[in-house]
Amino acid sequence: INLCDSNPCRNGATCTDHVEGTRAFYQCICSDGFLGLNCESDFNECASNPCINSGACIDLVNGFQCTCRTGFTGRTCETNINSCSPNPCLNGACTDLLDGFVCNCNPGFAGPVCEI
């Protein structure tokens, strides 16, 4: 008897027939990213909360993707984007914030980027 003939394994898994004594059974070797007796379930890579800095995780087949909030980038939103590089302040010092920057203008200058 060949139990794999009925194609019980899902999502590209490999089926192998086994016989132990009088007992016949099959085993599914799951493709990456799937689990379950018949490889019917997608492994949720977002369950471990891989996205940091309040990034949103999107579960993909055999992977995940982070949607980073403003001011962050990287595979897991691990990098704070330096809004002060290059320095946007024309006549002053730049202070990087989580979501942008602020200019500290030199004496005699004003405006959002010390342009006045």
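Heads up, the Cβ atoms here are built off N, Cα and C, so glycines get one too.
Caution: TrEMBL annotation is automatic and unverified by curators.
What you see is a predicted model, and the numbers here were worked out from it, not measured in a lab.
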Could you pull the disulfide partner of Cys84 out of Cys66, Cys68, Cys94, going by TrEMBL?
Cys94
What is the three-state DSSP composition of the domain 'EGF-like' (1-40), stated as helix, strand and coil residue counts?
4 helix, 16 strand, 20 coil
Return the residues near Cys30 (disulfide bond) by Cβ distance under 8 Å, restricted to its own chain and a separation of at least 6 in sequence.
Cys9, Asn11, Ala13, Gly36, Cys39
Overall pLDDT for the domain 'EGF-like' (1-40), taken as the rounded mean:
94
Distance check, please: Cα of Cys114 (disulfide bond) against Cα of Cys84 (disulfide bond), rounded to an integer number of angstrom.
14
